[in-house]
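Undergrad: Grabbed the feature section from TrEMBL, which reads as follows:
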BINDING   8-13, Asp33, Arg38, 86-90, 127-128, Glu161, 272-275, Arg342  NAD(+) binding site
ACT_SITE  Cys272  active site, nucleophile
DOMAIN    328-452  domain 'UDP-glucose/GDP-mannose dehydrogenase C-terminal'
Amino acid sequence: MVKICCIGAGYVGGPTMAVIALKCPAIEVAVVDISVARIAAWNSDQLPIYEPGLEDIVKQCRGKNLFFSTEVEKHVSEADIIFVSVNTPTKTRGLGAGKAADLTYWESAARMIADVSMNDKIVVEKSTVPVKTAEAIEKILTHNSKGIKYQILSNPEFLAEGTAIQDLFNPDRVLIGGRDTPEGQKAIQALKEVYAHWVPEDNIICTNLWSAELSKLAANAFLAQRISSVNAMSALCEATGADVTQVSHAVGKDTRIGLKFLNASVGFGGSCFQKDILNLVYICECNGLIEVANYWKQVIKVNDYQKNRFVNRIVSSMFNTVSGKKIAILGFAFKKDTGDTRETPANDVCKGLLGDNAHLSIYDPQVTEDQIQKDLSMNKLEWDHPIHVQPMSPTVMKQLNVVWDAYEATKGAHGLCLLTEWDEFKTLDFKKIYDNMQKPAFVFDGRNIVDVQKLREIGFIVYSIGKPLDGWLKDMPAVA
């Protein structure tokens with residue numbers, strides 16, 4: 001029986017290995033992690049991550065050919081194929097701080113693999129890593145090989161949180177990069193045979209190592225660029241009276257452009273987009289490509305501008321101060337159908353409002369109070385570092401209240417901010433909400449999910465990103 005081991009039981013490792021176990025019943029799959037709490041959660045009825053469809057797959061396969069364990073060295077030693085899906089956070093200090101990927105955990109994993117391996121291994125990069133990481137890992141393994149042969153493959157993930165299981169079932173492509181040697185090609189074929197259990201051969205792309213590594217960074221940069229492009233247009237739409245929804249629809253009908261990722265919003269978030277662009281910028285700078293680096297930096301600058309613009313719009317609309325005012329925050333996750341808060345725009349918006357002494361009442365159906373408190377107490381780029389370097393007990397902010405009901409969050413509020421596009425927010429009883437809010441009652445829609453006209457008829461003053469401005473807002477000071 002072929003044995004696969006995945007180091008790292010996070011958002012990538014867990015779902016990916018669960019689907020491999022489901023689709024390949026003859027393969028034994030072990031997911032290992034040093035976090036006892038995380039592995040305990042994977043072995044419980046309350047999984048550590050929320051992803052539609054994931055729980056059913058785990059329950060179906062767990063204990064049969066899918067195992068979650070803290071016995072890292074044992075399973076690594078026994079495996080034929082080792083996936084490495086550990087954190088590659090942005091460095092917070094030292095050379096490349098704020099841009100370069102921190103490969104500390106990757107290097108530790110490679111050294112551990114070399115220490116415990118007793119037979120030849122295929123080592124697969126699953127984490128998003130800088131170009132040429134495979135070469136560095138190869139050197140570590142080779143210099144500690146004890147006669148054992150290793151083949152390094154790059155197999156980047158292209159999952160979107162909230163649809164990860166469907167993305168795994170029906171991928172646009174599976175990308176496998178390896179060495180152009182007989183041994184390298186043999187390793188590529190071995191991994192290809194795993195995916196071929198359910199992925200059509202035409203959708204499995206084989207490249208060299210460097211192309212596979214760069215393709216992942218490029219894909220995320222291109223997607224983030226589209227979001228920043230439409231968000232830049234949203235600012236112009238507000239200034240001119242155009243409707244960004246109509247503009248993006250007209251643009252997206254051009255088959256060369258397409259409609260996906262053209263929804264204006266408060267900004268992009270998630271674990272990959274910003275981190276990967278910063279990584280790309282650093283690689284460009286290291287190679288003397290300053291103009292290229294500056295081009296990609298602008299994608300992040302526009303994203304930051306959009307979040308700041310949203311906060312400024314809230315404050316200027318409410319008589320230029322939110323001090324002491326209750327603001328309801330509906331949605332804290334970076335997108336719907338996930339509990340992930342990494343780089344969520346809601347964090348920056350909340351910090352901006354707290355900085356002006358607002359009182360926040362936050363509701364998200366999948367994010368815990370502990371997570372929200374932790375996120376709001378951390379500095380930028382700290383979220384992806386191990387739990388022991390994060391603040392263990394966040395300062396309890398008197399200005400912050402986390403509730404488990406949208407109506408409770410909005411009761412007595414001066415303003416309401418929609419920051420995640422959860423489906424349940426589209427069907428809220430806004431008349432009931434309006435009746436229980438302070439007047440004038442404001443709605444700031446950061447996801448363009450409400451019926452603006454309907455809310456205005458109820459009595460709300462509504463700001464929706466990139467939409468023609470409410471008469472009230474036109475009279476307020478211009479937003480920088």
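Here the Cβ of each residue, glycine as well, is placed from N, Cα and C on the backbone.
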Undergrad: Write out how many residues of the domain 'UDP-glucose/GDP-mannose dehydrogenase C-terminal' (328-452) are helix, how many strand and how many coil, based on DSSP.
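TA: Its residues fall into 38 helix, 19 strand, 68 coil.
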Undergrad: When the pLDDT values for the domain 'UDP-glucose/GDP-mannose dehydrogenase C-terminal' (328-452) are averaged, what is the result?
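TA: Summarising the domain 'UDP-glucose/GDP-mannose dehydrogenase C-terminal' (328-452) by its mean pLDDT gives 88.
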Undergrad: Determine the Cβ neighbour count for Gly8 (NAD(+) binding site): the number of other Cβ atoms within 10 Å of its Cβ.
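TA: By my count, 24.
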Undergrad: Could you work out which of the binding-site residues (Asn87, Thr90, Gln274) has its C-beta surrounded by the smallest number of other C-beta atoms within 10 A?
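TA: If we count Cβ atoms within 10 Å for the binding-site residues Asn87, Thr90, Gln274, the smallest count is at Asn87.
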